[in-house]
Amino acid sequence: LQDQFDNLEKHTQWGIDVLEKYIKFVKERTEIELSYAKQLRNLSKKYQPKKNSKEEEEYRYTSTRAFLATLNEMNDYAGQHEVISENMTSLITGELTRYVQELKQERKSHFHDGRKAQQHIETCWKQLEASKRRFERDCKEADRAQQYFEKMDADINVTKADVEKARQQAQLRHQMAEDSKAEYSSTLQKFNSEQHDHYYTHIPNIFQKIQEMEERRIVRIGESMKTFAEVDRQVIPIIGKCLDEITKAAESIDHKTDSQLVIEAFKSGFEPPGDIDFEDFTQPMKRTVSESSLSNSRGDGKSEPKFGGKSKGKLWPFIKKNKGAGPEDFSNLPPEQRRKKLQQKVDELNKDIQKEMDQRDALTKMKDVYIKNPQMGDAASVDHRLSELGQNIEKLRLEVQKFEGWLAEVEGRLPTRTEQARRQSGLYEAQNTSAVNSCAQDRESPDGSYTEEQSQETEMKVPATDFDDEFDDEEPLPTIGTCKALYTFEGQNEGTISVAEGEMLYVIEEDKGDGWTRIRRNEDEEGYVPTSYVEVYLDKNAKGA
């Protein structure tokens with residue numbers, strides 16, 4: 001390829017372009033890996049449960065724990081793609097970039113030497129051509145001088161001096177021709193030697209170096225491609241472990257365990273209702289215990305409920321009136337749920353006590369150090385804080401005793417509260433406490449409060465306010481069906497109504513998704529009860545049903 005210098009120069013430049021193209025390809029691959037890893041991490045973070053939120057409670061189920069494990073493994077999975085990007089950047093992109101710079105310098109040096117050798121042989125060729133032309137010119141000049149001498153020597157009219165002069169000129173030209181011949185011969189020999197060295201030594205050596213350089217480039221790009229695959233292969237075992245952990249988490253899902261957790265989370269602790277007694281409608285209808293206890297204060301001579309008349313004031317849904325927190329003792333919850341809440345509260349208070357005690361112990365040790373080494377600090381400076389901690393611990397212990405008392409009451413270890421102690425909400429006021437306590441039979445209702453079935457207990461209902469009178473002239477809601485109370489419910493919040501287990505009432509408004517049904521007992525008594533406490537029978541032909 002000694003005559004293909006220019007083509008080799010173009011080819012080696014193309015090789016460098018290929019290498020740079022491959023570097024660009026790997027660089028873009030690393031950017032894709034980083035972007036993919038970032039998106040996976042964001043996805044995992046997006047679906048992680050928020051701290052101190054309801055979502056954390058949901059992750060006690062095996063299925064949600066498996067999902068959480070999947071999110072964590074996806075985070076590790078993303079980390080492996082970051083490893084791929086880092087390794088490709090350091091092992092391929094960085095190394096090849098430095099190699100390309102070295103390759104360009106080496107190629108430039110080799111082709112500089114080649115061009116220099118090419119210029120040298122061209123210079124020798126020009127010298128040979130100049131020597132050859134000079135020899136040719138001198139030979140012609142010598143021939144012309146010889147012919148002129150011979151002409152002068154044959155001419156009898158020419159003087160001897162002119163002939164001598166022509167002879168000397170011819171001899172000079174012959175001498176110049178001989179010198180040119182000798183120079184041409186020497187230059188030719190030198191050129192042949194240079195040309196031989198050029199085509200058999202210099203150029204082959206330069207081309208050999210260029211070939212070695214090109215072969216190293218080819219080998220290097222092949223090694224980089226192997227590294228490209230090896231970088232991926234190195235993380236496959238770790239990615240496989242991530243996938244194995246996801247599979248393991250999926251296999252750990254236990255539907256029976258999740259079902260049991262649901263039961264433990266929502267069980268109320270109530271027994272199913274007993275059989276319903278037969279009601280003999282051939283006899284005058286007897287008022288239920290709850291009805292008599294709630295309506296006796298309005299007059300014992302009231303007739304049967306007339307649902308076509310006016311309603312004695314509309315009651316606002318208590319769910320809108322009672323948006324605040326529930327009672328401190330969680331008496332608004334079913335027994336089992338109440339027990340769990342109380343236990344949780346006791347545990348939290350005990351943790352707070354432990355924290356305060358730890359702080360007190362630390363300050364006590366600090367005070368001892370100050371007493372032994374007064375130069376380190378004033379022992380009296382921590383007395384105020386120790387006093388505060390003592391007071392806080394005492395307050396927390398009293399709180400624990402209070403909640404443990406309620407907890408013991410729920411678990412049956414202590415006697416239940418009296419009716420009078422339970423009814424301090426302001427809605428009801430007992431008239432005959434002794435009669436209530438002697439005739440009461442304690443029952444638990446599904447909301448966790450304690451009610452009593454009373455024989456003929458007389459209570460006074462809170463007098464109607466002017467607010468109630470504002471709605472006296474409004475038309476009452478039509479009945480859309482009937483319902484039967486499955487449990488006793490004491491409606492102590494505004495807008496609710498008390499019912500006794502087994503009592504039949506009229507439905508005037510269905511549950512609208514908030515868990516409450518609006519019912520009516522008689523013309524003057526209506527309100528909301530929990531939908532789960534009643535069994536509703538809607539009249540399909542009733543207006544508004």
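Placement of Cβ uses the backbone N, Cα and C atoms for every residue, glycine included.
According to TrEMBL, the features are:
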type	residues	note
COILED	149-180	coiled coil
COILED	339-399	coiled coil
COMPBIAS	430-440	compositional bias 'Polar residues'
DOMAIN	1-258	domain 'F-BAR'
DOMAIN	332-409	domain 'REM-1'
DOMAIN	478-539	domain 'SH3'
REGION	287-311	region 'Disordered'
REGION	416-460	region 'Disordered'
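Along the coiled coil (339-399), the predicted structure has mean pLDDT 85. Here the domain 'REM-1' (332-409) has, by DSSP, the following mix of helix, strand and coil residues: 72 helix, 0 strand, 6 coil. Secondary structure of the domain 'SH3' (478-539) per DSSP, as helix, strand and coil residue counts: 3 helix, 32 strand, 27 coil.
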